[in-house]
Structure formats: structure tokens, C-alpha cells
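Here is the structure we will look at.
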Amino acid sequence: MNILIDENMPYAAELFSKLGTVTAKAGRTLTTEDLIDVDALMIRSVTKVDEALLEKANKLKFVGTATAGTDHVDAELLASKGIFFTAAPGCNKVGVAEYVISALLVLSQQQGFSIADRKVGIVGAGQVGSYLSKCLSALSIQHLLCDPLKQAEGDTREFHPLQTLIAECDVLTFHTPLTKNGEHPTHHLMGDAEIAALKPGSILINAARGPVVSNDALKAALKTQQLTAVLDVFEFEPEVDMELLPMLAFATPHVAGYGLEGKARGTTMIYNSYCEFLGNQEEKVEAASLLPIAPIPKVSLSKPWDESDLMALCQLIYDVRRDDAEFRRAMADVEQQRASFDRLRKNYWDRREYSAITVAGEAAFGLESLANLGFTVEE
Ligand SMILES: NC(=O)C1=CN([C@@H]2O[C@H](COP(=O)(O)OP(=O)(O)OC[C@H]3O[C@@H](n4cnc5c(N)ncnc54)[C@H](O)[C@@H]3O)[C@@H](O)[C@H]2O)C=CC1
Ligand SMILES: O=C(O)C(=O)[C@H](O)COP(=O)(O)O
């Protein structure tokens, strides 16, 4: 069995080599020649699976993407060729939500507001949006959801049109797939008119796909409007608009979901799916079994936590400024931009999720809300 994997897929080489001969390559530059005699292909979001890539795929029977988004894969084409396709829905929802929380906490400190006073609009209430909603509820932060597709499916949560979120929310955070067709396409969901209608002082966060927010519209608005923008994804990535970059409060190279737990979940979800495909159930693994202990595994509270304690706790896990600083340093070398974008992603540090830290203390110190936020707690 020949298995081709993206070289930027933690745990994949060890796991898949139990099932066949593994070759690891850079996902962004895979060619159809790379697929000759390959039985199974394991990718990330940077590999476009289309007619051109599949042209010489003479043995391909399985494609797995260790990602939540699937806009890079022509799933209909795979189905028409009898190639099984699987993704990793929800694998990195925790990482993305913790990215948004970090951005909000740091901005609250920089701009001098309390996160408890902000109303957040979540656009896209799927795996990431719903998990983020749970986290915001844990922190008693008011938020509104927009997801016309879920609403139409009969999801009983309260949903609002995007226009309502734009008019009422202080923060708008995007967690939709990238779609160009259908009743609710997300390509340029935030264009000139939508961005212009944001409340003065609004914060816009895009950790979905770059083209959900129009690059030109955002740039124009940042020149004239009182607006803070945080981008983890870019309309033309790995190209980064060097006029836009300095206008952003935080900018990161598509790593919002890059927690170690999330990557382990992504890899094991497609690995387990491949085991099932091969009828080899006994080789399946649990993502948690692959993870090392966190560098600071336990902390103790000596009093009920307040916003600055929360910031300290969350920063033990993730501070968006770390990735932002490294990204800006790397992007400064314009010649190397594309390569640096992928290098930062490939050599990403071992970022963890809140659950990797146990917070000890008394129940009266607010342990329940920390547990709801994702921390492991101990009374
Ligand atoms: N920056 C990063 O590292 C990551 C980015 N992503 C991106 O975030 C997206 C969302 O991830 P998940 O929540 O896991 O996917 P999901 O499929 O569980 O949820 C997406 C939600 O967006 C909704 N939606 C679709 N069109 C919409 C519209 N026009 N307006 C409002 N809502 C709309 C869908 O109904 C669905 O509920 C992914 O498709 C991917 O593109 C996901 C994980 C990591
Ligand atoms: O899961 C998704 O969708 C994502 O956007 C990924 O987390 C992005 O990472 P790569 O798959 O591009 O490494």
C-alpha cells in the first residue's frame, strides 16, 4: 500500500506506516506525477484536489484531509471516480475558539475595555462557532449567532441575519466555510457595504477562509473607519498584502486551529477512517494517547479569578501576540514571503489547548466557568 502524506501532519508518518509505505511531501506543491501508484492520499488545506491533480492517479482509492474545511477538495469529482473521501470535522474547533479568546483578551487590555461589556457576533454556528459560543457563555459574554443554513435546517437556537450582527455587535467573528454558490455564499460575505455598516470601534476577526472578507474592502475601511481587524487567513494566501498587514491588530499565518490536540485529532480522524476503509479496526488510535504532558500542567488559584487572572491563565496556553510577532518578522523579507508563510506553519510550536492545564482551587473561586471554558479543574 503506497500512502502519500502532507509533510506538515504531526503523527501521520508513524501512524500510517503501520498500514503501508509512507512518502511525505509538501502539500502545496503536489503534482499529478506524485500520485502515480499511490493508493491513499492524506492532505491538509493547501492541496487542491481537482482534475489536474488526479490526472495520473492510477491507483488512488482514498483521500483524507486532516482539516475541517473542505473547499480545497472537489468531492463530487472524487465520488465520480469512486475514490472515498473523508475530512476531520471539528478537529480544531477548540484551537480556533482559543485563538479568538486570546485576541479579545489582548485587545481588551490594549484598548481598555472589559470583555464582559462586549457583544460578539458569531457568523457560522457549526463546530467552531458553537464551541466558541459555549466558551463565551462560560465567560458570560453576550453573543448573537448568524447561520441561515442551520436556521433553515430547524436548529432551535436563536439566529439573526448578518445585518443584525453588523448593526448590534462590537465584535464580529467569522467561522463559515468558503462557498461561492448556493443561497448563502460566503465569498466576500464582508464586502464594501457590510464593512462600512460596522459600528465605530468594531472588531472584525476572520479565522475562516481569507476570501470571506474582501481584501480591498477591508483595506479601504481600515484607512477611514474606526475598526480593528484580526486576520488568521488572507484572501490570496500564501500571498500577504503588505499594505494591509501593518493595518491589522493581529495577523497570523492560518494557524488559528493549530493546537497539538487539534492536529492529533485531525490526523487520527483520517487515520481511523482509513483503518475502517481497509477493514483494519484493531489499528485505530485515540488522539489523546499521542499527546505529551503540557510544560505547565497545573496551576492553583488562591482567590476567585478576575479578568486579569483569566488573561494570565489563558496566556499560559496561547497568546496571539507570539504568532503575530513571528509572522510580521517573517513577512518583512518580501522575497521569501510565500516560503515563510508555509515554513511558519510547518515548524509551528507545540501549542496546547486549555484542557492541558489543570486549575486547582475551591469551587467558590469560579472553577465551574473555567471548566466550561475548557480547562481541566480540580477542587
Ligand atoms: N483558521 C483555521 O485554522 C481554521 C479555519 N477553519 C475554517 O472555518 C470554517 C468553519 O469551521 P467549522 O465550524 O469546523 O465548520 P462547520 O461546517 O462545522 O461550520 C460552518 C458553519 O457555517 C455555516 N454557514 C455556511 N454559510 C454561511 C453563511 N453564509 N452565513 C452564516 N453561516 C454560514 C454552516 O451552516 C455551518 O454551520 C471551515 O470551513 C474552515 O474554512 C476551520 C478550522 C481551522
Ligand atoms: O481545518 C481547517 O479547515 C484549516 O483551516 C486548518 O486548520 C488549516 O491548516 P492546514 O490544513 O492548512 O495545515
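Using the three backbone atoms N, Cα and C, a Cβ is placed for every residue, glycine included.
Among the features that TrEMBL reports, domain 'D-isomer specific 2-hydroxyacid dehydrogenase catalytic' is placed at 4-282. The feature substrate binding site is assigned by TrEMBL to SER45, THR67, TYR258. As annotated by TrEMBL, domain 'D-isomer specific 2-hydroxyacid dehydrogenase NAD-binding' applies to 110-256. Under the heading NAD(+) binding site, TrEMBL lists GLN127, VAL128, ASP147, THR176, ASP232, GLY257. Here TrEMBL flags ARG209, GLU237 as active site. TrEMBL lists HIS254 with the feature active site, proton donor. The domain 'Erythronate-4-phosphate dehydrogenase dimerisation' annotation in TrEMBL covers 290-374.
Under 8 Å, Cβ to Cβ, and six or more positions away along its own chain, GLN127 (NAD(+) binding site) finds ALA68, PRO89, GLY90, LYS93. Each of the recorded positions ASP147, ASP232, GLU237 was assessed for Cβ neighbours inside 10 Å, and the highest tally belongs to ASP232.
Listed recorded positions: ASP147, THR176, ARG209, ASP232, GLY257. Those with a CB atom under 6 Å from ligand 2: GLY257. Neighbours of ASP232 (NAD(+) binding site) among the recorded positions THR67, ARG209, HIS254, TYR258, defined as a Cα within 10 Å of its Cα, are ARG209, HIS254. Secondary structure from DSSP puts VAL128 (NAD(+) binding site) in a helix.
Filtering SER45, THR176, GLU237, GLY257 by Cβ distance to ligand 1 (under 6 A) retains the following recorded positions: THR176, GLY257. Counting Cβ atoms from all protein chains shown, SER45 (substrate binding site) has 23 others lying within 10 Å of its own Cβ. Site extent for NAD(+): the farthest pair of Cα atoms among GLN127, VAL128, ASP147, THR176, ASP232, GLY257 sits 21 Å apart. Note: THR67 (substrate binding site) has non-local neighbours ARG44, SER45, ALA87, ALA88, CYS91, ASN92, GLY266, i.e. same-chain residues 6+ apart with C-beta under 8 A of its own C-beta.
The DSSP breakdown of the domain 'Erythronate-4-phosphate dehydrogenase dimerisation' (290-374) into helical (H, G, I), extended (E, B) and coil residues amounts to 50 helix, 6 strand, 29 coil. Counting residue by residue with DSSP, the domain 'D-isomer specific 2-hydroxyacid dehydrogenase NAD-binding' (110-256) contains 51 helix, 27 strand, 69 coil. Geometry remark: THR176 (NAD(+) binding site) versus ARG209 (active site), CA distance 8 Å.
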